[in-house]
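Notes follow the structure.
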Amino acid sequence: VVASMAHLQEEKLRLQEELLALQEKLAARESEELAVSVQLQGQVENLKANLVDQAQEISRLRSELGGTDLEKHRDLLAAENERLRQEMKAREGELRELRRQQAPCRGCAHLQENAGLQERLSQLQQEAEEARAKLAELDLEVQQKTNRLAEVELRLKDSLAERAEEEERLSRRLRDSQETIASLKSQPPQIKYIIKTVEVESSKAKQALCESQSRNQYLQEQVGMQRQVLKEMEQQLQNSQKTAAQLRAQVQSELERAHGQMLEEMQAMEDEKNRAIEEAFSRAQVEMKAVHENLAGVRTNLLTLQPALRTLTHDYNSLKRQVRDFPLLLQETLRSARAEIGQAIEEVHSTNRELLRKYRRELQLRKKCHNELVRLKGNIRVFGRVRPITKEDGEGPEAANAVTFDADDDAVLHLLHKGKQVSFELDKVFPPQASQEEVFQEVQALVTSCIDGYNVCIFAYGQTGAGKTYTMEGTSANPGINQRALQLLFSEVHSKAADWDYAITVSVAEIYNEALRDLLGKEPQEKLEIKLCPDGSGQLYVPGLTEFRVQSVEDINKVFEFGHVNRATECTNLNEHSSRSHALLIVTIRGLDRSTGLRTTGKLNLVDLAGSERVGRSGAEGNRLREAQYINKSLSALGDVIYALRSRQGHVPFRNSKLTYLLQDSLSGDSKTLMMVQVSPAEKNTSETLCSLKFAERVRSVELGPISRKAELVSWPSQEQLEVTKVPMAPLLSSWTAASSSRGHASPSPGPPSSRATSIRRKLQTSG
Ligand code: ADP
Ligand code: MG
């Protein structure tokens with residue numbers, strides 16, 4: 001028992017030692033764990049500080065990015081720009097453009113840089129996030145391990161408490177057994193029994209010993225188990241320490257790597273930044289240079305402008321002074337001007353009155369003079385017009401030119417006929433090159449006199465093909481007298497419109513075989529009669545003759561066209577027909593003077609006569625002969641009438657033909673007549689040309705005044721007679737064909753009286 005007790009004691013001591021050791025180990029473990037956790041915490045703190053640093057660095061970088069030198073530079077530039085803008089307002093546009101140029105530089109590269117940096121930042125942040133997550137994982141692991149340690153501690157405490165209990169129990173038994181031993185010692189006589197008891201008791205003790213031994217065994221097992229657990233835990237701790245070290249190393253390397261990367265990136269960014277700054281700086285320098293140059297230009301401009309400005313200011317000031325003084329000056333000037341004007345008006349009034357009086361007197365005088373002139377000149381005038389040689393004249397000697405002119409006298413022409421030159425003097429001769437306009441210029445005075453109430457007849461006389469229709473109608477591109485006369489009438493009427501109302505009407509008629517037909521009527525074939533006015537005025541009129549009122553050139557053209565169409569539908573060959581009939585355009589101008597109520601009526605008769613060639617002699621028959629006879633008769637009648645009129649005979653045989661009867665009003669009294677004698681210059685036409693020219697000269701040369709009375713006794717030769725040489729005409733023509741001889745030309749018959757006509761003509765020419 002003692003031994004076992006000692007053993008137990010020993011055991012107890014050992015256990016106690018063991019416990020102490022365990023406790024020490026536990027404390028060491030605890031302190032170790034604490035150190036590890038402190039270390040970890042420190043690392044975490046470090047990492048956090050690192051993160052904060054990084055964030056600060058990032059924010060610094062960000063702020064750096066926000067406010068780089070470049071921007072400062074830009075600001076400087078903007079300030080400079082602003083200053084420049086103020087300095088040169090006139091160059092604002094240019095500066096705006098510069099600024100516009102600056103804008104893209106500010107925008108592009110730096111923005112890209114910024115974006116790159118931000119990307120980098122987000123990457124770094126992500127990495128930091130990952131490190132943080134790893135840290136959290138490590139924290140969790142540490143937590144788990146401390147939990148497990150706490151569990152182990154608890155279990156240790158439990159086992160210690162159990163052991164303490166066991167010890168208690170054992171010590172109690174020990175005490176009990178010691179007491180029993182002491183009591184046994186005090187009772188030696190009853191040894192046997194005691195031995196037995198002891199034996200019994202020792203068996204009991206043995207059992208207790210056994211029990212305690214098994215208990216001890218169990219406890220030892222337990223301790224072994226605990227040791228095992230402790231070893232495991234140590235192992236685990238070692239493992240966890242290893243992993244912690246690994247993790248630490250990993251974190252360290254990760255951090256280093258991140259730091260290195262960051263440094264690299266920062267370096268790259270720094271480089272990039274420097275480069276960008278350099279670029280921007282060089283750009284800014286260039287721009288600055290340009291701006292400076294501009295500024296210099298503007299300065300020089302300003303310098304050149306300054307003198308101009310000075311003179312302008314000077315001018316402006318003087319103008320201002322003038323403007324200030326102007327109203328006074330103006331008033332004064334106005335006053336004097338008004339007075340002057342009033343005086344002038346008064347003067348003008350009196351002059352006007354005087355002029356009006358004189359004008360009225362002159363007007364009367366003019367009328368008188370005009371009448372006198374007409375009387376002196378004779379109101380019958382004869383012009384000749386020679387057409388150019390045309391293709392129709394053919395070639396060879398037949399088409400040769402037989403007419404020549406006098407360079408000094410436009411009233412004379414020479415005809416080479418059968419080898420002899422014959423000269424004629426008319427009122428005027430138009431050579432082939434004379435234009436329609438030139439011809440009309442000589443005629444227009446006659447036309448305008450219609451407006452004053454005179455009757456006028458213009459005849460185109462000559463053989464077929466000599467240019468009658470060309471002179472009267474002309475071509476559409478080059479119109480003749482008809483259209484020009486009407487145009488002139490329109491413009492004259494227009495210019496007098498202030499005082500006068502005028503109505504212009506036209507009729508177009510034709511006389512064929514002594515039948516008068518209305519070419520504007522509904523039935524052109526109807527023959528019209530010429531009748532005396534029933535009012536007893538002795539005037540003639542044609543009942544049923546259509547009159548169209550015309551107001552413009554378009555109207556006239558329409559009328560002419562209408563007349564042409566009617567004429568054409570009535571015959572099979574218009575050319576032939578027109579050469580055998582007289583075409584008449586009768587224009588009537590009726591005027592009313594609004595102030596006096598005076599009425600005037602003038603008539604303009606434009607007649608394209610039938611061809612004057614002598615058809616009858618060529619043995620024509622039937623219709624052709626009849627036509628020729630009618631033509632011959634009417635042309636002779638016209639000659640008779642003109643002759644009678646010009647020689648102032650008492651009787652004028654108007655009624656001998658329809659033509660003269662119709663034109664009676666326009667041929668008699670103070671009417672005016674123009675005979676345009678058309679001739680062909682071709683050699684083959686010379687005999688007809690001779691006849692026409694003789695007719696012309698005869699008409700023209702009828703003497704005025706008392707001599708003409710004598711002429712009453714002589715009768716007008718017929719057309720037929722005209723062709724027979726000068727002999728039958730000698731008595732008739734003796735008085736007037738001398739005109740040419742007096743000029744030294746070959747003359748059919750000399751005689752003195754016509755020198756008077758020439759002298760009269762000369763006088764008229766000089767007196768104007
Ligand atoms: P008539 O009417 O006398 O028979 P035309 O007037 O028909 O003659 O003229 C005959 C031809 O001569 C026409 O082709 C015309 O154009 C031409 N002619 C007449 N006179 C002239 C002139 N002065 N200038 C140019 N051509 C003319
Ligand atoms: Mg004709």
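For all residues, glycine too, the Cβ spot is worked out from N, Cα and C.
TrEMBL tags one of the stretches 230-279, 330-379, 580-629 as coiled coil, and that stretch is 230-279. Its Cβ taken as reference, Lys468 (ATP binding site) is surrounded by 29 other Cβ atoms within 10 Å in the chains shown. Proximity to ligand 2 (Cβ under 6 Å from any of its atoms) holds for none of the binding-site residues Gly462, Gln463, Ala466, Gly467. Less than 8 angstroms from the CB of Ala466 (ATP binding site) sit Arg387, Gln678, Val679, Ser680, Asn685, Glu688, Thr689, Ser692, each of them six or more residues away in the same chain. In sequence order, Arg387, Ala460, Tyr470, Ser579, Gly611, Gln678, Ser680 are the residues of the same chain, not among Gly462, Gln463, Thr464, Gly465, Ala466, Gly467, Lys468, Thr469, whose CB sits within 8 A of the CB centroid for the ATP site. Close contacts with ligand 1, defined as a Cβ under 6 Å from any of its atoms, occur at Thr464, Gly465, Ala466 among the binding-site residues Gln463, Thr464, Gly465, Ala466. Within the same chain, the residues at least 6 positions away from Gly462 (ATP binding site) whose Cβ sits under 8 Å from its Cβ are Lys468, Leu609, Gly611, Ser612, Val677, Gln678, Val679, Ser680, Ser692, listed in sequence order. In the three-state DSSP classification, Lys468 (ATP binding site) falls within a helix.
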